[in-house]
């Protein structure tokens, strides 16, 4: 006022204005913290997705070097004679190779034991089973797993339709790529007369290239988000279309098989970690276990289809090249499905699911399944 006094209403409005500004600032700070935590979590997940297979390929390289050292030290005059002959006679397998195989088995045994020993489990709800025999318990667990898988598929179709595209594309992608990897040794033996030393070199060079490629791409991928990561994955996947075409129409000289192993070893192993990184950025929090399990099923459960197609062409034509070329069709279909994936829409669906907007009448589909399991576990405990 003119005499310097402040009206009470002015105090109230000023205080409420300051309080609102403070609340908005706190909300903005909380949102920034959540965004920083989410970004860090995604970077760590991407890094682990690349580092774990790199560690595996590094171990494979070490074991192959150990085996080669054993074979060459066991028979210094002609180590190649210590390798099994193409005839496949078990009596022709040298002592050095037997020791090398035993070494690999012991390595796997020790590493698996240490890995299993270091696992730590997180306590959860009791399984919804009562006093059942081992046979019925296995059937009940299989039934529960199958029901949860169907629940995951139904939820994805209804609430996040972009993620099933990623999974379906992964099925076709791994069908073609998996068949290429599993059939490569047989192919080069038939078409290029590769001997056992060539195969050992292929395994050694391939594992080294894979380890190097994963370590080189890891710092790049963990900094990519959204469409940048998606574009990189599409570029990597498009390059794999060259492998079956090269095998079917080329491969007339031995140097080609080593060149493909080096190039493919650098690029191919990065496909699955990149898919997992994309999945991590679009999968709703709280549902990672069920959805990543479903992604794992899509990755390994259908590879046999490519092998069956290859066997069909081999039986019909007597030549593996047509069967290998047919694997390119799986890659083409995978690229078409992946190209329809909308990264922005998938992230919007994720935000909607995490906010609870996907729930119907206050109960989400997964929450309903959890309630069912909890009621079953309470019933089983009461019966005991």
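Cβ atoms here come from the backbone N, Cα and C positions, even for glycine.
Check TrEMBL against the ranges 322-343, 344-365 and you find transmembrane segment recorded for 322-343. Counting residues 6+ beyond its ends, the transmembrane segment (199-221) has Cβ neighbours under 8 Å at 46-47, 50-51, 53-54, 57-58, 60-61, 64-65, 68, 83, 184-185, 188-189, 229, 232, 257-258, 261-270, 273-274, 277 in the same chain.
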